[in-house]
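Engineer: This structure is in structure tokens; I'll ask about it shortly.
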Amino acid sequence: MDFLNSSDQNLTSEELLNRMPSKILVSLTLSGLALMTTTINSLVIAAIIVTRKLHHPANYLICSLAVTDFLVAVLVMPFSIVYIVRESWIMGQVVCDIWLSVDITCCTCSILHLSAIALDRYRAITDAVEYARKRTPKHAGIMITIVWIISVFISMPPLFWRHQGTSRDDECIIKHDHIVSTIYSTFGAFYIPLALILILYYKIYRAAKTLYHKRQASRIAKEEVNGQVLLESGEKSTKSVSTSYVLEKSLSDPSTDFDKIHSTVRSLRSEFKHEKSWRRQKISGTRERKAATTLGLILGAFVICWLPFFVKELVVNVCDKCKISEEMSNFLAWLGYLNSLINPLIYTIFNEDFKKAFQKLVRCRC
């Protein structure tokens, strides 16, 4: 998002020459991140469009998130790279206003999409039957529209407050001179969505864990009932078959060969039942770990990428004596942009349908 840059007009030619290698390295690194973000989000969008199996309301939210992150990559990152390398804004205040508008709106919209996806998954797990009826493309479209509208309402006021102060032609930043504007923008764009995401994913994990345990208990109970029925029917059917055979055996031999066979079968069936139950427990545990890993990656990436930036925004603009270097400000801004690269990876890498769709797209391009 916004950050402070200084002019390099006072630097000598020798100093500029010495700083050139580092500028080239920074430019190439950031350009590579922008290109990767553009490519990966393009793949997600294309996969959802061309793959009929992915035409699901839940994936429409992911597609909209990918579009938002794609806009960050093509409309926000390139201008930021030029600003960082040049160390001054050279494109005029009109372009500055447009860039800041797109920057704040798209980054806010990306964060709010994560909240919408969390809400969608929460309702799909906790109210599966009823929500399956409501989970239509129209419903997904309404959610996406609401996300964009809220993003605009959160993003626009800071831009109006920006013009209340004096701005230099060589800088493109938003100075939060009012505590109200700082709290409004940071809490609306991050802290409130963060709280919502944490609460929803905690409830999702608890609900998924409870659901796994209920299904496991139901399957074990069903197996025990079926096993008892099979055992009783087996005993009844074997009585008539074994009558003539048993009569031919000596009365002094209380244990017939058939009794031994029947005992062996029951023993094997019992062992098989316990083995099957153990395998189901192992699968259930694996699913729980996978669910926890997925949720951990989603929350971890989101918090690591955006929390430092918004802590900086809140502290620096509320505390007059608190300062931060230009390099650190740029780093925190790009750490937030990095979330637009990570989002499509996390939300699709655990989905087999997406993997197959990506493979088909790559083969077609090759």
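Keep in mind that glycine also has a Cβ here, set from the backbone N, Cα and C atoms.
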Engineer: Are Arg19 and Leu361 on matching sides of the membrane - judged by whether Swiss-Prot gives them the same topological domain name?
Structural biologist: no
Engineer: For the disulfide involving Cys96, grab the partner from Cys172, Cys305, Cys319 as Swiss-Prot records it.
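Structural biologist: Swiss-Prot says the disulfide from Cys96 goes to Cys172.
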Engineer: With Swiss-Prot as the source, which of 78-82, 308-312, 343-347 is set down as motif 'NPxxY motif'?
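Structural biologist: When 78-82, 308-312, 343-347 are checked in Swiss-Prot, motif 'NPxxY motif' belongs to 343-347.
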Engineer: Since the record lists Cys96, Cys107, Cys172 as recorded positions, which of them has the fewest other Cβ atoms within 10 Å of its Cβ?
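Structural biologist: Relative to the other recorded positions in Cys96, Cys107, Cys172, Cys96 has the fewest Cβ atoms within 10 Å.
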Engineer: Tell me the Cβ neighbour count for Asp103 (serotonin binding site), meaning other Cβ atoms within 10 Å of its Cβ, over all protein chains shown.
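Structural biologist: Within a 10 Å radius of the Cβ of Asp103 (serotonin binding site) lie 24 other Cβ atoms.
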Engineer: I'm a bit unsure how to read this: which one of 25-49, 97-119, 179-202 has the highest number of Cβ pairs shorter than 8 Å with the transmembrane segment (292-315)?
Structural biologist: 179-202
Engineer: Please count the residues of the topological domain 'Cytoplasmic' (50-59) that DSSP assigns to helix (H, G, I), strand (E, B) and coil.
Structural biologist: 7 helix, 0 strand, 3 coil
